[in-house]
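Novice: Pasting a structure here, questions to come.
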Amino acid sequence: MGGAFGKRKVQVLVVGLDNSGKTSIINALKNEKNATVAPTVGFNKDSVEKFNLNFQFSDMSGQNQYRGMWEQYATKIDGLIFVIDSSDKIRFGIALDEFKLLLETPGFSKDLPILVYANKQDSPDAQNPQFFIDYLELKQYKNPSQCFAGSAKTGVGLDQGLEWLSAKIQQVKPK
């Protein structure tokens, strides 16, 4: 896998509440920051090659009626990206509940790297990554996890997060 036939493909589940910026982050990672984004229905598939890997993203809808689908995909992946709108304080509790439910999915690997993007850092109301490390209780899980400040609008912080995820995936699941 990889080598002469291209970069190693890894499956990454991208989840978060509706309007948190999941699709916009993927577009920004693909250098398509100004792409028009509509609410995701079900899920979208997308890919990007960066940091010696070919990331195959399953971008799941964050709308309430689709969140039950997250669990179906959570056991067949190499990495998880959880996106939270760092300025939407009213919905932090819902995001926390959904995050915990996902990590409690039967078969969810305790080795699976978890990248949390504290998105919308360009907003004056944004909470910083340390807030979410504490709020989501990331340190209580055995999974390698980290929270990065990001902005799908400006692209700031997104590559740093994906580079961390790439390194962790390659460390946990070497070729």
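Cβ coordinates are placed from backbone N, Cα and C, and glycine is handled just like the others.
In case it's useful when we look at the structure, here is the feature table from TrEMBL:
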{"type": "BINDING", "residues": "GLY16, LEU17, ASP18, ASN19, SER20, GLY21, LYS22, THR23, GLY62, ASN119, LYS120, GLN121, ASP122", "note": "GTP binding site"}
{"type": "BINDING", "residues": "THR23, THR40", "note": "Mg(2+) binding site"}
Novice: How long is the line from the C-alpha of ASP122 (GTP binding site) to the C-alpha of THR23 (Mg(2+) binding site), rounded to the nearest angstrom?
Specialist: 17
Novice: Please report the Cα separation of GLY16 (GTP binding site) and THR23 (Mg(2+) binding site) in Å, rounded to an integer.
Specialist: 10
Novice: In which DSSP state, out of helix, strand and coil, do we find THR23 (Mg(2+) binding site)?
Specialist: helix
Novice: Express the distance between the Cα positions of LYS120 (GTP binding site) and THR23 (Mg(2+) binding site) as a whole number of Å.
Specialist: 13
Novice: List nothing but the one residue from LYS22, LYS120 whose Cβ has the fewest other Cβ atoms within 10 Å; the candidates are the binding-site residues.
Specialist: LYS120
